[in-house]
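Presented below is the structure to which this report refers.
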Amino acid sequence: MIDSLDLVIDTVLAREVLDSRGNPTVEAEVLLEGGAIGRAIVPSGASTGAYEAHELRDAGDRYFGKGVLKVVENIEERIAPTICGLSASDQATIDGVMSELDGTENKSKLGANAILAVSIATARSAANGYGMPLYRYLGGPMASLLPVPLMNVINGGAHAANNLDFQEFMLVPHGANTFREALRMGAEVFHTLKQLLSEKGLSTAVGDEGGFAPNLQSNQAAGDLLVKSIEKAGFIPGEQISLALDVASTEFFKDGAYFFGGRNYSTEGMIEELVKLVNAYPIVSIEDGLAEDDWEGWGLLTKELGEKVQLVGDDLFVTNTSRLQRGINQKVANSILIKVNQIGSLTETLQAIDLANRSGYTSVISHRSGETEDTTIADLSVATRAGQIKTGSLSRSERVAKYNQLLRIEDELGSEATYAGSNDLGPLCGKK
C-alpha cells in the first residue's frame, strides 16, 4: 500500500543538457518524499508551426543564443517553490498550477520547455512511486496496444541538406503481426534501401531523424526507391508495408502559392499533385499536405482524399485542442500529430488525444527532429492506445531508443500485447 505522503513532491531540479543536434535542451528531475525520482528531457523541432507553444532560449553569444539557463532558473526558482508539497499523482493540478504561474497563452513567460520537462518528470516520479511502468500509470489496465511505426527512411526538406522538397518519406509496416516483426520488416527495408542508394552512387549519409538524405531528381524518385526497396527486401507494397509522407508544405508556402519542384502551385494544383501521388504509390498517410493557415484548402483536400488516406494535421493543429476543434467543426483532416512540446504539458497532450478519439480522428504520437534519449513518447503511445508512432528511422540512438522501449513494453505485456497493424489504420489500408 502506497502512503500518500510518499508521493508528495520534495525537490525539483533542472540542468542544461544536449539534444541530438548538439543544441542545448533542458532536463528536469522531480524527487518525491518517499524517494522515487522522475527525469525528463524535452525535444526541439526544426520545422516548427507558427502556433506552437513557446520554446524559451537565452539569446546572447553562449551556444549561439540557444542556451536554456533561463529555463533552468525558471524551473528551480519559480516552478519548484510552487509545486513542492503537492502530490505528484495529481498531474492535472500540477500542470494547471504551472500554466497559471506562466500566465500566457503560449507559455512564453516560463517557457513551454520548462513546463513540459517538469510535467513529464512529475508523471515519471509518480509512476516510479507506485512501482509501475509509465505506460501503465498513464493508461491503466487497457494499455496494451503496440503502435504501428511510421519510419522516416528518406529525409528531405528542413531535416536534410538535399534537394528533396518533402520532409519525410516513411515506411508503414502495418502487415506485421507484432511490433517486433514490424521493426524487423522496417529494418530490412532500410538496409535494402541503403544498398540500392550505394549501387546508384547516391549518398547514404543520414539526416536529423536517421533517414537517408540523397539528392534525388524528384519526390516521385523517392517513392520509386521505397517501393523497389520493399519489393527487393521480400515484402509486398501496400499489403505488408505501405508508404506515408510528411509534406511539411508550410515550409514552401509563400504569397498564397506552393513552390516545389522548381515551380509554383495553387492550392488546387497542390491537391492535384497529392492525388497523383496517392494514385501512383501505396500511400496510406499524408501529413501537412497543405500549409497551416490554408484552412479552405484543407477542406478541399479532405473532400478529395479524406476517404482514401489518413490526412494528418501537424502544423495545422499543433497538438492544440482549440485548433483541433476548429478542424473538426470544418471537417478538415482526419488525424492529428501529437507532439508533447507543441502544447507544453502532459495534461494538455492527453486532452488533445481524447478530443481526437471522441471525434473519430486518429492520433499519431511523434518525436521531434532534435531528440534525446528520453523514451516518454513510446510509453505514451501505448498508454493512449494511439496505434501509431513516428520516431524516425532505423539508425541514430535517440530514434532507436524509442523502438527498443516499445520492444521492452511488448515483452513485458506478454500475451496481453496486441499490435495495431492494419486494424488500426482500418479502412485507410487498401482503400484505393
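Any Cβ shown, glycine's included, is placed from N, Cα and C.
Record features (Swiss-Prot):
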ACT_SITE  E209  active site, proton donor
ACT_SITE  K339  active site, proton acceptor
BINDING   Q167, K339, R368, S369, K390  (2R)-2-phosphoglycerate binding site
BINDING   D246, E287, D314  Mg(2+) binding site
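What Swiss-Prot annotates, mapped onto the structure for a quick look.
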| residue | record | CB count, 10 Å |
| --- | --- | --- |
| Q167 | (2R)-2-phosphoglycerate binding site | 29 |
| E209 | active site, proton donor | 31 |
| D246 | Mg(2+) binding site | 28 |
| E287 | Mg(2+) binding site | 28 |
| D314 | Mg(2+) binding site | 29 |
| K339 | active site, proton acceptor | 26 |
| R368 | (2R)-2-phosphoglycerate binding site | 26 |
| S369 | (2R)-2-phosphoglycerate binding site | 24 |
| K390 | (2R)-2-phosphoglycerate binding site | 30 |
State the Cα to Cα distance, in Å, between D314 (Mg(2+) binding site) and K339 (active site, proton acceptor), rounded to an integer.
8
CB-centroid shell, 8 A cutoff, Mg(2+) site D246, E287, D314, site residues removed:
Q167, E168, L245, V247, A248, I286, D288, V312, D315, L337
Using only C-alpha positions, which one of Q167, E209, R368 is spatially nearest D246 (Mg(2+) binding site)? These are the recorded positions in the record.
Q167
Distance between E287 (Mg(2+) binding site) and the residue listed as 'active site, proton acceptor' at the Cα atoms, whole Å?
13
What kind of secondary structure is K390 ((2R)-2-phosphoglycerate binding site) part of, going by DSSP in three states?
strand
Distance [Cα-Cα, Å, rounded] between K339 (active site, proton acceptor) and R368 ((2R)-2-phosphoglycerate binding site):
7
Given the binding-site residues R368, S369, K390, find the one whose Cα is closest in space to the Cα of E209 (active site, proton donor).
S369
Across the listed (2R)-2-phosphoglycerate-binding residues, Q167, K339, R368, S369, K390, what is the farthest Cα to Cα distance, given in whole Å?
17
